[in-house]
Amino acid sequence: MNASIIDPLQGDFPEVIEEYLEHGCMKCIAFNRRGTLLAAGCNDGSCVIWDFETRGIAKILHDNECSSPITSICWSKYGHRILVSAADKSLILWDVMSGKKITRIVLQQTPLQARLHPGSSTPSLCLACPLSCAPMIVDLNTGNSTLLKVSVSETSNGLIPPSRNKSSDGITSFTPTAACFNKYGTLVYLGNSKGEILVIDYKNGEVRAVVPITGGSVVKNIVFSRNGQYLLTNSNDRVIRIYENLLPLKDEVRTLDELNENCGDVNNSEKLKVIGSKCLILFREFQDAITKVHWKAPCFSGDGEWVVGGSACKGEHKIYIWDRAGHLVKILEGPKEALIDLAWHPVHPFVVSVSLNGFVYIWAKDYTENWSAFAPDFKELEENEEYVEREDEFDLIPDTEKVKAPDVNEDEEVDIISVEKDATFSDSDMSQEELCFLPATPSRDPLEQQDKCAESSSKLLDSNNTGSPSEEAGPNGLMMNHASSLLEDDAGRFKRKRKPSEKVLELQAEKVKKSSKSSKLAKPKNKSLVDQDNVIRQVGQVTFRLQLP
């Protein structure tokens, strides 16, 4: 859609399904930082990377050691690496450009989510959230892991085990815990089963602040906006909450040290809550007050102006979109398939969702052409009207401007390789070479298509050899076409004779009539004499003259 006819007054959020992607059974998705590549984890343990602009497959990553479903997928800061977690308790780090596996680590528990450290272009640390134990920091080089605290004691600074609940069969189960890095990876924000947000310095494992959540429900999801100014939580009470980050983006640790010193001698748990009140403040709450649905994979838009969440109800594919002020602006209804994951494009108003059947749906904005929004003097016509233009009205350079010297430097070289800086990524370290696109590698057609192509080519050759229905047999067994004919000269070479005009055909017909009349009046000639004469034969609309020896 041409940007010149887009109404700027329309909301900048998706509205309809523009396209869908299909490759095996996909389970989870993630965009790179610029949104040029989309990675999807599949049910067979492979990872497919789509070029989002062409909607074609750019690369497929597959490890023979992993055949279990992918549970999460994450890009590195500059897109050179991808980390996937699988249901076989493994973490796999890939090199995107070469498609080679860098390392594979097997944990004690199945990781539901894994995130690379956002502060490095080639990260060696990741944050993993297993199914039945506390979140952990994993060193991808050595395979060592460090468990994080999930709660703080009221009387001491000790570690409290993860929340446990006994089921009906007497087996002790653990409640999964959600966690994420902040923007630059200096702190970890963890949402526990007690309805609290813990701010943790992962380097020493110390809990620096605690923020209680209203209602005290289990936190299922926790994620930061791209600019790091807002934090989103999704709790078991079916409410999505947005918190504003009060800490400076690049000096969080130093600010926490200052807050800790100012609190003085206060009980540890109370001190952490006081510090937490100066770290995060509740900004907005989102929920469906009528149906009270659970939410799946909530997140921010690329610019943080919109909040999106998918309905966790079975058999429906609904996506709710709110503005940051708390107003519900759109409900997107897709096919009758449950939604399992979604992501908002980092730059453009696209939402990509994954269905239970493994399809990826691309939601885009349904733009309405409105030229008057950009040209106030533009008048829309109900029907065509005649208009007489000026002589130079549509010239590239009107006559009135031809006298002026052009301002364009025709000798200047145009750079088509460098990527322009985007305001969305103005805070990034652009000295690093960012991976935005992957080179296209053509793939062979399947054997079935090759067989079909071979059959069609053989049929084409047969039809060329046997001749078309418009061809007729001519003298000496040659196939003659109405449009053109083949004539053999004295040297045995064939010449192409074009179709004669109507005037030539009329003259030839008159000659045939005259020759027939003269033959009736004349005496019959000897057979040898007839063979030496020129024989005139007419086939269809074309007359051929053959010179006999």
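First residue shown is number 1, and so on along the chain.
Using N, Cα and C of the backbone, Cβ positions are placed for all residues, glycine too.
Bear in mind that TrEMBL entries carry predicted annotations, made automatically and left uncurated.
Among the features that TrEMBL reports, repeat 'WD' is placed at 26-60, 67-104. What TrEMBL records for 441-529 is region 'Disordered'. Here TrEMBL flags 445-454, 501-513 as compositional bias 'Basic and acidic residues'. For 455-469, the entry in TrEMBL reads compositional bias 'Polar residues'. The compositional bias 'Basic residues' annotation in TrEMBL covers 514-526.
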Integer mean pLDDT for the repeat 'WD' (26-60): 95
Residues in the repeat 'WD' (26-60) grouped by DSSP into helix, strand and remaining coil: 0 helix, 22 strand, 13 coil
DSSP helix/strand/coil residue counts for the repeat 'WD' (67-104): 0 helix, 23 strand, 15 coil
